[in-house]
Amino acid sequence: FSRMADEEGAPPPRLMTFVSEHQLADARRARGARVDDGTAQRDRSLYEILKENKDKKDAEFNERFKHRPPKALDEDEMEFLEKIETSKREYERQMAEDEEEQLRSFKAALASQSSIVHEIKEVPSPTPKNQEQESVVKGQGRERRRPLGMIVKAKPQAKKAKVE
């Protein structure tokens, strides 16, 4: 191998070429600092750099297509959008009907419950009024006395909404 180099007069081949600090500094001054070889410090995050590049591309794109009029919809697109709109209206109408039906059935149930309570009237007591027996009713930590023949009607209270 060394014979061939001597015969041709060329220097022996090197596997690696080394560059001195002086040569590296000259190369940096000639081409400028680059981030990829570590000669320049990143003073901004990668996110900021990529966002800036994207904003530049978006601005160029918007500038290019800024003066074009919007594309008109063709017949198929209009038909598709109309179908979507009619199906949306039909769904909303169906939901309103269902809600109305549920409200009617709820009101009917309430009315039937209240009519049952109204139908039950005071039961005539078999004993005269001055000799009424009293029943003891316990509620909320105190005892109350009521005549046995009297029916007490409790009004339904509205439910309280849970606060999360």
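Cβ coordinates are placed from backbone N, Cα and C, and glycine is handled just like the others.
Feature annotations, courtesy of TrEMBL:
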- 26-107: domain 'FAM192A/Fyv6 N-terminal' (DOMAIN)
- 121-164: region 'Disordered' (REGION)
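When DSSP labels each residue, the domain 'FAM192A/Fyv6 N-terminal' (26-107) comes out as 58 helix, 0 strand, 24 coil, counted as helix, strand and coil in that order. In this model, the domain 'FAM192A/Fyv6 N-terminal' (26-107) carries an average pLDDT of 87.
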